[in-house]
Amino acid sequence: MSKQKNDTFLRACRGEKTDYVPVWYMRQAGRSQPEYRALKEKYSLFEITHQPELCAYVTRLPVEQYHVDAAILYKDIMSPLPAIGVDVEIKAGVGPVIANPIRSLADVEKLGEIHPEEDVPYVLETIKLLTTEQLNVPLIGFAGAPFTLASYMIEGGPSKNYNKTKAFMYAEPKAWFALMDKLADMTIRYVKAQIRAGASAIQIFDSWVGAVNVDDYRTFIKPTMARIFAALREENVPLIMFGVGASHLAKEWNDLPLDVIGLDWRLSIREARERGITKALQGNLDPAVLLAPWEVIEKRVKQILDEGMEQPGYIFNLGHGIFPEIQPETLKRLTAFIHDYTSRK
C-alpha cells in the first residue's frame, strides 16, 4: 500500500484550491546534490537507472532535502529508445549521441516495439519501490515527446538549429509520420506501464519543439500529441506538457486532452491566462535567477507566485531544469519560502 499523504500537487493539477502553492523542480533528482555527484563518479546515468534501489535513492533525495511536493523519477528521456533498436550513449559534456541516425523510411521501418515489462523492468521496479514503500508525495513519471526524440534520432545528437530534423520533416513526410507513429506507440506503452506501476502523474517533455512554428506544429506534430494524450487520458492521472522556448505553442497545447501546461520564463503566468490558456499552469522561474543573491530570487519568485495564485490550478517550478551550479541550500530555502509565502495569502 502506498504511504503517499501529501496530495497538494495532484489537487493543483486538477485545478482545485490548495492550502499553499505546491512546488517541485525539473531535474531535481540529481544535478546539484553532492550525494548524487559522488554516485556519478562511480556510475553512469544508465547504470544508476538500471539499479532500482540506487535509482529510487536518487529520486527520493530532493523530497527529503528540499521538501518538495512531488518526486520525479530519475531517468532520461532517451531511456526507452534502446528497446526499439536505437543505439544511444549519453556522453559527458555532449549529451545523447545516436550511433545509427535515421535517414530514410527504411531506417524507420527497422525500429521495433517496446514491451516495458521485458525491456525496462528496472524502471517499473523503481516506481513500485518508491510508491509502495518510500514516498509520501506523488511520483511523476515522464517521457520525451516524439518530436524531441526524433530530433536526436535524426541529428545524431544535440543540435542548435535542428536543420536535419526539419529538412527530413519537409522532404520525407511519409517517413516523418511513420517515425511519429512509431514513437507515439512507444510513448503510450512506456508511459502506461509507468502509471500502472504506480506513477501518480505524467509529464511529457518536448524540449526542442520550440524550433518549429505554429503551422508546422499543427501539421507535423500536434496530431501525434493528440493521439498520445488521448490514450494516456484513459489512465485517469494528471498529464503535464512542457517545452522550452515554445510559448508560441501554448494555445495549441491548450487544445490537447491534458491537465497542466508547463511554461518557461519567456511567457508569464498572467500573460498565458490572458491569451486564453484554461489549463492549470506550472512554472516558470528562469533557473539562472537561482545564481543571484537571495533578495533578487525572492523578488522574482514573489512576482511569479502572485500571478500564479490569481486562479486555482498553479504549481511552482522552474522554466527549465536545474543546472549543476545551483546550490542545494538555495533550493531548500526556496521551497520553504514558497510554502510559507503562499500559505499566508
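FYI, residue positions are counted from 1 along the chain as it appears here.
The backbone N, Cα and C atoms fix where each Cβ goes, and this holds for glycine too.
Packing around Asp76 (substrate binding site) is summarised by its Cβ count: 16 other Cβ atoms lie within 10 angstroms of its Cβ, all protein chains included. According to Swiss-Prot, the substrate binding site annotation covers Arg27, Gln28, Ala29, Gly30, Arg31, Phe46, Asp76, Tyr152, Ser207, His320, on the basis of sequence analysis.
Under the heading site 'Transition state stabilizer', Swiss-Prot lists Asp76, citing sequence analysis as support.
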Annotated substrate contacts Arg27, Gln28, Ala29, Gly30, Arg31, Phe46, Asp76, Tyr152, Ser207, His320, maximal Cα-Cα distance (Å, integer): 23
Local Cβ density at Arg31 (substrate binding site) - other Cβ atoms counted within 10 Å: 20
DSSP-derived structure type at Arg31 (substrate binding site), helix or strand or else coil: coil
